[in-house]
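For reference, the structure I am asking about is given below.
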Amino acid sequence: MLDKHGRKINYLRVSVTDRCNLRCVYCMPPEGIVKKEHDNIMRYEEIFKVVKSASLLGVNKIRFTGGEPLILKDIDKLIYNTSKINSIKDIAMTTNAILLEDMVEELKKAGLKRVNISLDSLKEDRFKSITRGGDINKVFKSIEKSLSIGMKPIKINTVIMKGINDDEIDDFMNLTKKYPISVRFIELMPIGEGRKLYKDGYISSEEIISKHSDLIPVETDKSSTALLYKFKESKENIGFISPMSCKFCSGCNRVRLTSEGTLKPCLHSEKEVDLKNYVDSSQALLSKINETIYNKPLEHHMIEEKESKSKKMMYQIGG
């Protein structure tokens, strides 16, 4: 469907849980989070009702996120049932891949088409530091397993932080020359725990691109959040997601369902609608989703204000 600004909204990002098995420095506090009561998070059945309703309004792309979505007990069932909705053409997932190796075959059979893997360092000790305890070897094994069963292309999402991992930019770029792996460099955002790192840690996409004159621009769909490039010898693209230096609001095609059941028409807006109040009535749910999508804000003002208006943390929204 179209929002009131004429944008086609066909993409729903679904945060299935706010829990995670890592504690990345820009996302989650070191002590973790207080576990929410069961009544305060969406059940599997409620999530599916929202997905089904959204599909009736023209949504044909679903991405499951977290927290860490592989923690959800019924994630394979949710993917399978979503894949049976005829109008849904693409089902993807963003994961830290710690648990992916043992699950990826079943997830693919269930209908998962693609995975984005959050990976902010290729160095074992640094990865452990950024994630506060993660085992990078589990991630590498998950990538190898995913490639071996034909889950291609895999996209790696890397949040670049000055003085923390910006010395690995070339190493990440070179992955695209060796493997059918895309890399997405994401600008650090002043949201949640990222606020603490932003002043000293922010580095713009433009600064990175300017240092790599051999990058070749690739034609990009208007709704894409990334500017795409590649090297002459690349197997896949290198993307730059630049919410701070070059917002992509004019072509935005997405809304977000949080793990608490609120529908956010904009990642960086404080506006959201609690859908848990409507899931028992299919018509009321459909109407409320329709209304929320139609009233999606024209744009965010995070570039000007240097801060997200969203009160939620990234692990609640799913990015």
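Each Cβ is built from the backbone N, Cα and C atoms, and glycine gets one as well.
Here's the feature list from Swiss-Prot:
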type: DOMAIN; residues: 4-227; note: domain 'Radical SAM core'
type: BINDING; residues: Arg13, Arg63, Thr94, Lys155, Arg254, Val255, Arg256; note: GTP binding site
type: BINDING; residues: Cys20, Cys24, Cys27; note: [4Fe-4S] cluster 1 binding site
type: BINDING; residues: Tyr26, Gly67, Ser118, Met189; note: S-adenosyl-L-methionine binding site
type: BINDING; residues: Cys249, Cys252, Cys266; note: [4Fe-4S] cluster 2 binding site
Pop the Cα-Cα gap between Lys155 (GTP binding site) and Cys249 ([4Fe-4S] cluster 2 binding site) into the table, whole Å please.
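Each residue's Cα considered, Cys249 ([4Fe-4S] cluster 2 binding site) and Lys155 (GTP binding site) end up 22 Å apart.
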Between the Cα atoms of Cys252 ([4Fe-4S] cluster 2 binding site) and Cys24 ([4Fe-4S] cluster 1 binding site), what distance do you get, rounded to the nearest Å?
27
Considering every residue in the domain 'Radical SAM core' (4-227), what is the mean pLDDT value?
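Averaging the confidence scores along the domain 'Radical SAM core' (4-227) gives 96.
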In angstrom units, rounded to an integer, how far apart are the Cα atoms of Arg256 (GTP binding site) and Cys27 ([4Fe-4S] cluster 1 binding site)?
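Spelling it out, the Cα of Arg256 (GTP binding site) and the Cα of Cys27 ([4Fe-4S] cluster 1 binding site) are 17 Å apart.
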Quick one: which of these binding-site residues, Cys20, Cys27, Ser118, have their CA within 10 A of Thr94 (GTP binding site)?
Ser118
Taking the Cβ of Val255 (GTP binding site) as the reference point, list residues of the same chain whose Cβ is under 8 angstroms away and which are at least six residues distant in sequence.
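Listed in sequence order: Ile9, Tyr11, Leu12, Arg13, Ala54, Leu263, Lys264, Pro265, Thr292, Ile293, Lys296.
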Starting from Lys155 (GTP binding site), work out which of the binding-site residues listed here (Cys24, Tyr26, Ser118) have their Cα within 10 Å, and give them in sequence order.
Ser118
Take the Cβ of Tyr26 (S-adenosyl-L-methionine binding site) and count every other Cβ within 10 Å, whichever protein chain it belongs to.
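23, counting other Cβ atoms within 10 Å of Tyr26 (S-adenosyl-L-methionine binding site).
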Which state, by DSSP, holds Arg63 (GTP binding site): helix, strand or coil?
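In three-state terms, Arg63 (GTP binding site) counts as strand.
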Using DSSP and collapsing to three states, where does Arg254 (GTP binding site) fall: helix, strand or coil?
strand
Quick check for the class: what is the C-alpha distance, in angstrom and rounded, between Arg254 (GTP binding site) and Tyr26 (S-adenosyl-L-methionine binding site)?
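Roughly 23 Å, rounded to the nearest whole number.
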Spatially, and counting Cα to Cα, which of the binding-site residues is closest to Cys20 ([4Fe-4S] cluster 1 binding site)? Options: Tyr26, Arg63, Met189, Cys266.
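In terms of Cα distance, Cys20 ([4Fe-4S] cluster 1 binding site) lies closest to Tyr26.
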Taking DSSP as the reference, which of helix, strand or coil describes Cys20 ([4Fe-4S] cluster 1 binding site)?
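Where Cys20 ([4Fe-4S] cluster 1 binding site) sits, the three-state DSSP reduction gives coil.
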